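What follows is a short report on a single structure.
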Amino acid sequence: MILQDSYTLSNGVEIPKLGLGTWMIDDDKVADAVKAAVKLGYRHIDTAQAYGNERGVGEGIRDCGIARDELFVTTKLDAGIKSYDEAKAAIDGSLALMGLDYVDLMIIHSPQPWQDFAGEDRFFEGNRAAWKALEEAYEAGKLRAIGVSNFQKEDLDNLIDNGTVKPMINQILAHISNTPFALIEYTESQGILVEAYSPVGHGELFKNADVAAMAEKYGVSIPQLGIRYCLQLGLLPLPKTGNPAHMENNAAVDFEISADDMETLKSMEKIKDYGEYSFFPVYGGKM
């Protein structure tokens, strides 16, 4: 069962192969979502400062009835934080808000502030400053692992070449019809695990007749096919939902996509429309 499987990060820390994303789940509802997920067997919960629900996630973690050391909790440093002092304060702020002694993984949410996403300025100096704060928190035991999100090759190289701790994770947008293979290959060549957010896609993908037909061939839903696709690429998918039925469905992925079908999925034309999510920077065709 996938919920019992894990990857090993470059520092030896075990991370469950499937996580629950909590984006767009309200702070006053997310604790119940976390507890429902844990009851189903999830042990990996992903949140962020930008989600505005760290407090509720922490409540769910504390009240779920499972020992803290059996759970893996990720949060993200706000994309706009590009200084050492701000990052240091924000790390401690997340720990305090969540009511946790440590976080298993903390990552820089984006190399650029959202308003500058995909612009020419890569904020190299600011990312080095924020990374230094993460490194120090990692060395102090406040964080068991550190990483990044939405980082391209040049952004990764900036930290690899100038930092003292190499990122352990790069969380990126990856799903059927939008898989950045070159970035994944480079990231993995550096010993960095790739996490996939939005692994089931949005909008247009759910209207794709070829994807629907392949899901039907395997007797699964489109989300299940998308999650399995990511797993077979060696990625760590983070489907987001507050619905326990969807959580259960997303974890029922113990089937195998054939090599030929994987090649078909890998070569699908890139998605053009993310529906209601299209206005978010990461879905605007800039990744």
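From the backbone N, Cα and C atoms, a Cβ is placed for every residue, glycine too.
What TrEMBL records for this protein:
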- 17-268: domain 'NADP-dependent oxidoreductase' (DOMAIN)
- Tyr51: active site, proton donor (ACT_SITE)
- Lys76: site 'Lowers pKa of active site Tyr' (SITE)
- His109: substrate binding site (BINDING)
Fill in: Close in space, distant in sequence - Lys76 (site 'Lowers pKa of active site Tyr'), Cβ under 8 Å, 6 or more apart
Thr47, Ala48, Gln49, Ala50, Met106, Ile107, Ile108, His109, Ser149
Worksheet item: Does anything in the same chain, at least 6 positions from the residue listed as 'active site, proton donor', have a Cβ under 8 Å from its Cβ, and if so what?
Response: Thr22, Trp23, Met24, Ile25
Worksheet item: For the domain 'NADP-dependent oxidoreductase' (17-268), what is the mean per-residue pLDDT, to the nearest integer?
Response: 97
Worksheet item: Helix, strand or coil at Lys76 (site 'Lowers pKa of active site Tyr'), per DSSP?
Response: strand
